[in-house]
Protein chains: 2
Amino acid sequence: MSLKLESPNNSNTSNQKEKHKPKPKRKPTTTMAPKTLNFITGNKNKLTEVKAILGSIVDLQSQALDLIEIQGTIEEISLDKCRRAAEAIKGPVLVEDTCLCFNALNELPGPYIKWFLQSLGHDGLNAMLAGFPDKSAQAVCTFAYSEGPGHEPIIFQGRTDGKIVPARGPANFGWDPIFEYESQTYAEMDKVAKNKISHRFRALEKLKAWLEESS
Amino acid sequence: MSLKLESPNNSNTSNQKEKHKPKPKRKPTTTMAPKTLNFITGNKNKLTEVKAILGSIVDLQSQALDLIEIQGTIEEISLDKCRRAAEAIKGPVLVEDTCLCFNALNELPGPYIKWFLQSLGHDGLNAMLAGFPDKSAQAVCTFAYSEGPGHEPIIFQGRTDGKIVPARGPANFGWDPIFEYESQTYAEMDKVAKNKISHRFRALEKLKAWLEESS
């Protein structure tokens, strides 16, 4: 799938139609840090985590939107979701996506991990790697920020290397029990320690630095 | 992901916004067989196959559109794609999706098979099943037809049972060499024989029967 740069307004536009249209002007890239930011999430834990890091530099509001997610690369999916959110909110938005990438599967399930976790559970995800000697994986967090409708989003991505192991630790948060960082799974780790190395923390640090520089 | 029934026009509409809007009227379901039908495909082989079966009862035109594909169930993805196509073409459209569902993975990779085939190839797809005793699979073809913008699409689906095996036969068409039906892979089968049992043939037979009944 090719990277689409049209605005969310034109998401139904066909290539065929585009042939007959004058070439659209390149849209302005988002460059301004906002004072208020709508974080699109229905997850209170994520909101708390993001507020803890960004709360001192931006007024973080949360909104739950039921946005479609397209198929594509991690970046294509985040950019598309951010454009749709900006269009729906009519203002500055922040969206977040979490992927679990198996290196033996060339980064898959990646953005499709939620479907695989839901269908297969922790044991099934381990079994998918039985035929591959390489059990290494990356936890990937991607934030995308847009100034508003028509502004190209900017991406801030954090990656944490680990490996897929049989589940250990409390099973109350997604795939945390099967992602091992050094000697502990995410689920086994102390929350403070986890938040210093997590994919989400690394992405948030980049976003924070950008907000500070651009404000 | 919940099934979205909004029209393609409203694909950016948020739930939040919908709460403040009057409940939309249920759209008419597509019930009329068309005289001319735009089959959305850039694949000449598919067009030939579909023309061979439907050509005598409908004037089949083909158009290539670069439509986004959402994440979701097989049916959600087909319905969404068909709505977008109808909106782009402004008339009756037929779209097609092919999935390869591994029973041990609860139908996955399913609609995501193209990403897995692209990343892992035939050997990798076999290796993904190494940890599961069940190698059975279903080839699934889903046609969705809409009378035009605002008309709910109808789905015609064909499924063929088989199993995943190490590649055998010419490797010039997708996952055909690793999908075994009875004793032969799709790639090894005589084309005429394959077209009598294939997932696409079965879906087309249903579509044909509907077109004949509704015209």
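Note that Cβ sites are derived from N, Cα and C of the backbone, with glycine treated the same way.
Residues or ranges marked as region 'Disordered' by TrEMBL: B:1-34.
If you look up TrEMBL, you'll see B:18-28 marked as compositional bias 'Basic residues'.
The ITP binding site annotation in TrEMBL covers B:41-46, B:LYS81, B:97-98, B:173-176, B:LYS194, B:199-200. Shown in sequence order, B:PHE173 are the residues of the chain, 6+ apart in sequence, with a C-beta less than 8 angstroms from the C-beta of B:ASN45 (ITP binding site). Secondary structure at B:ASN45 (ITP binding site), taken from DSSP and collapsed to helix, strand or coil, is helix.
If you look up TrEMBL, you'll see B:GLU69, B:ASP97 marked as Mg(2+) binding site. Within its own chain, B:ASP97 (Mg(2+) binding site) has B:ILE74, B:ILE77, B:SER78, B:LYS81, B:PRO111, B:CYS141, B:THR142, B:ALA144 as residues 6 or more apart in sequence whose C-beta sits under 8 angstroms from its own.
You'll find the Cα of B:GLU69 (Mg(2+) binding site) roughly 21 Å from the Cα of B:HIS199 (ITP binding site). Within the same chain, no residue at least 6 positions away in sequence has its Cβ under 8 Å from that of B:ASN43 (ITP binding site). According to DSSP, B:LYS81 (ITP binding site) sits within a helical segment.
Taking 8 Å as the upper bound (exclusive) on CB-CB distance to chain A, the binding-site residues B:THR41, B:ASN43, B:GLU69 give B:GLU69 in sequence order.
Under the DSSP three-state reduction, B:GLY174 (ITP binding site) is assigned to coil, being neither helix nor strand.
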